[in-house]
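If you check TrEMBL, you get these features:
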COMPBIAS  563-572  compositional bias 'Basic and acidic residues'
REGION    556-580  region 'Disordered'
TRANSMEM  93-111  transmembrane segment
TRANSMEM  180-205  transmembrane segment
TRANSMEM  212-234  transmembrane segment
TRANSMEM  295-316  transmembrane segment
TRANSMEM  346-369  transmembrane segment
TRANSMEM  390-412  transmembrane segment
TRANSMEM  418-436  transmembrane segment
TRANSMEM  497-520  transmembrane segment
Amino acid sequence: MGYKLDQFKHAFTSKEAFVKYIEAPPPIGEEQVSSDDRRHRWTNLDLAPSPPQDRKWTRWTFLAFWGAHAANASNWTAGSSIISLGLYPLDTWLSLAFAHLFITILIVANGRGPARYHIGFPVFARSVYGMWGSYMAVAMRAIVCIIWNGVNSYYGGRLVTVAITAIWPRYKLLPNALPASAGITSVNLASFFIFMFFFMAISFVHSRDLKWFYYIKSVFVIGAMHGVLAWWMIKSGGVSFTTLAASKPLTKNAHIWLVLRAFNAGLGTASSLTVNQGDMARYADKPNSQLWTTLIGYPIASAIPCLYGILVASAAKKMTGKAYWNLWDTLDYMLDQYPHNSGARFGIFLAAVAMALAYLAVNLATNSLPFGSDVSALFPRWMTIRRGQVICTALGIVIVPWKLLVSATAFITFLSGYGYWLAPIAACMFTDYYVVKKGNLIIPDLYIGDSSSRYWYNRGWNPRACTITILALVPCLPSFAASISPSLPIAQGGKNMFYISFVMTYFLAMTMYVLSYNIWPEKKVRVPEKTLRFERYADENDEEEKRVMGIVTAEEGSEVEEIDSKPVEGESKSYVVPTQ
């Protein structure tokens, strides 16, 4: 603490000292390197590969993470809009479950490279899009992270209202000092800021150290979900899928398109994870730690809340004539049944806190951390992941998310279709790593901003990846526009294209990417990766790391033989980032 205070005081001794103080920390081993602009453009401590001591996520951490992440309110309400359109509830649930199973394969596939090379999405994207081209992919992700961070925080705030009301019933009855035009009550605004306060506090804990949070929360949330389900099943006397079934049967054609729509919606809810996985996988203690527990854990953890949401809505409709989909409405109704039962109210308090924690975990993993990584890559001289998370939280307030939910239905539809925008990015990442480069990345070149870098391509841009990302979006663009503005004169067949937009865009981008390298091969490539065995460079990096760690361990011993710790001429150093 005293050292940090001395640093703070020293920062105000001169302009140069202040600039140095607010700069993002450089990678380990580069503290004495001069801070020229070119170096800071491409690296800092957060962008550099995660050192061994930061790789703390075991397979059980990932299992707990997915249990905490997937068991959230978004999955709970995922079936509501599709069922309201007439699709049978069981078909809705199966479509969503298979969608999550399918996208889990894409998630672990795009997490493989970051897990092997210990880098996050923004740096990994440089190998695909080029040093400057990666800014396009990074910016696309960062913008929507801000919006969803605010929206999810508002949802979390609504659950905070339920939690406080369960303990202090008069809280919900506090007078509203805000006009109707504000779009929110004083109580819900206060709850929103309470949620933001706790979210900001947990954001200051580094992602590598959050495994304890996910362990605790996964147990807490899953227990709360089962408790809520049990209450509604007991009170309603049991339900079936037919409770929410539409009275009018669907035609065969309409049924098929609704199944595809549900499948696409399921892909959309998890689409961000196809690019976000690298931001967690970089902290894996072993490359396969993110593999099997994700393949098994995420589909199950996603399917259960979807099922429970449908069953609880069915029970609510049977009991009250109204299907409650939002968790805060569900818990609010339960709370109203126990005006004087302190034990029951405390149980509802715990359930509301657990569900609010679910939103907090989702925000942290899919919005705050990715945004922090993105702005760290966009402005590496000044920004760290933690600073980015603070900015993301602040901007989540500035956008006034409750206004968006009240008055911008089309805008929320745009956000729901974000999977369509992310699909070509995920496809290019997958194809480039597995097909083009065969899992071989030259880590130092990911931090060099000139033509000597393997990933400089054409003036810092990979024309294939950038062009294909845009072209892959074109076929479904009219249907996407129609989903925002249904009045557009587009035939029903064209509108239906949006219901297969993720799958179509993903595989179209993948196909074009492979063909582009076969028809238009790269020239003057210093390292032809296709001639190497799969992930040879990753294996060499691991061996180099073991050698260096062995030397360090020996030097720290009290009675060891003298070991020559100088690197052999010509050998690569896995975690030394060039300063060009």
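The count begins at 1 with the first shown residue.
Here the Cβ of each residue, glycine as well, is placed from N, Cα and C on the backbone.
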Remote residues contacting the transmembrane segment (418-436) - C-beta distance under 8 A, at least 6 residues beyond either end: 106, 109-110, 112-113, 124-125, 127-129, 137, 140-141, 144, 264, 267-272, 274-275, 465, 468-469, 472-473, 476, 480, 498, 501-502, 505-510, 513-514, 517, 529-530
Stretch of maximal Cβ-Cβ contact with the transmembrane segment (212-234) [cut-off: under 8 Å; candidates 93-111, 180-205, 295-316, 346-369, 497-520]: 346-369
Distal contacts, the transmembrane segment (93-111) - CB-CB under 8 A, six or more residues away: 70, 78-79, 82, 87, 259, 262-267, 270-271, 273-275, 277-278, 280-281, 290-291, 294-295, 298-299, 302-303, 306-307, 310, 426, 429-430, 433-434, 506
Outside the transmembrane segment (180-205), six or more residues from its ends: residues with CB under 8 Å to it: 153-154, 156-161, 164, 171-172, 174, 213, 356, 359-360, 363-364, 368, 386, 389-390, 393, 396-397, 400, 402-403, 406-407
